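Enquirer: If you look up Swiss-Prot, you'll see 49, 50, 51, 52, 76, 100, 127, 128, 129, 130, 258, 259, 286 marked as carbamoyl phosphate binding site, on the strength of sequence analysis. What Swiss-Prot records for 158, 218, 222, 223 is L-ornithine binding site, and it gives sequence analysis as the kind of evidence.
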């Protein structure tokens, strides 16, 4: 049966932990393999990217494979050809599909009509590869995840949704602060709470950060929301992670950001460049986690 990674929930409890530990092993050993020798990965990217593209291309190369990168300008993706036809054709040529797009429904359609593993490299609804990589960044420092308190400050966006899913399996405490009207998916929250996730919501950033070991944020206007920038700047006033907010966290708290960051908006320059910032470790860990995820889907 073909395996896919379209959201963190696809893993299940045991596989989530197996992949996390495997990613750490791969990082510690600077892992290379021939898993993808003679194989190719098609990368369909409707959204521009630096870290996602380079980390995935490097991951595939380090596992012995080759990549083919395509944007909408270079394909029929989103044009006259139905996506289901694209899925069928690309499955005949390739062994793995890595997709960065807007709607989650496009990932689901590629899964339904394709015959090769599909990895969600980002949608508007989730960013599972990034959050699994962030879990590796935390796990390296605090292996007992049940004793960890993570704070999320900002938008109830795709990153927030994937953090909620991660809380289901890794059992850390997740305190989340959003402006009114910018909360995450309610159905996902209900699902997570029913599964026993320890998630607490507030509209007060200081309350969310109080005692946190890891303080997370993201841009206020994601790709495709540029026309809302001014409106969001007003709504998110008071949600900037600055020295005063970090002072409310645990004494050894770390700052996290998936990048790219808008310094002076969701985070100050001082916090971003401080010793507490672990954003570059997060960026590096994309490579190691994505190798582990590729291995997981390819081994069936």
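Indices start at 1 and increase along the chain as displayed.
Note: Cβ is positioned from N, Cα and C throughout, glycine not excepted.
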Enquirer: C-alpha of residue 258 (carbamoyl phosphate binding site) to C-alpha of residue 158 (L-ornithine binding site): distance in Å?
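Expert: Roughly 11 Å, rounded to the nearest whole number.
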Enquirer: Hey, what's the Cβ neighbour count for residue 127 (carbamoyl phosphate binding site) at 10 Å?
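Expert: That number is 28.
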Enquirer: Looking at the binding-site residues 158, 218, 222, whose Cα is closest in space to that of residue 49 (carbamoyl phosphate binding site)?
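Expert: Among 158, 218, 222, 222.
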Enquirer: Where residue 129 (carbamoyl phosphate binding site) and residue 158 (L-ornithine binding site) are concerned, what is their Cα separation in Å, rounded?
Expert: 11
Enquirer: I'd like to know which of the binding-site residues 51, 127, 286 sit within 10 A of residue 222 (L-ornithine binding site) at the Cα level.
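Expert: Correct set: empty; none qualify.
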Enquirer: Determine, to the nearest whole angstrom, how far the Cα atom of residue 158 (L-ornithine binding site) is from the Cα atom of residue 286 (carbamoyl phosphate binding site).
Expert: 17
Enquirer: Of the binding-site residues 51, 127, 286, which one sits closest to residue 218 (L-ornithine binding site) when you measure Cα to Cα?
Expert: 127
Enquirer: In three-state terms from DSSP, label residue 158 (L-ornithine binding site) for me.
Expert: helix
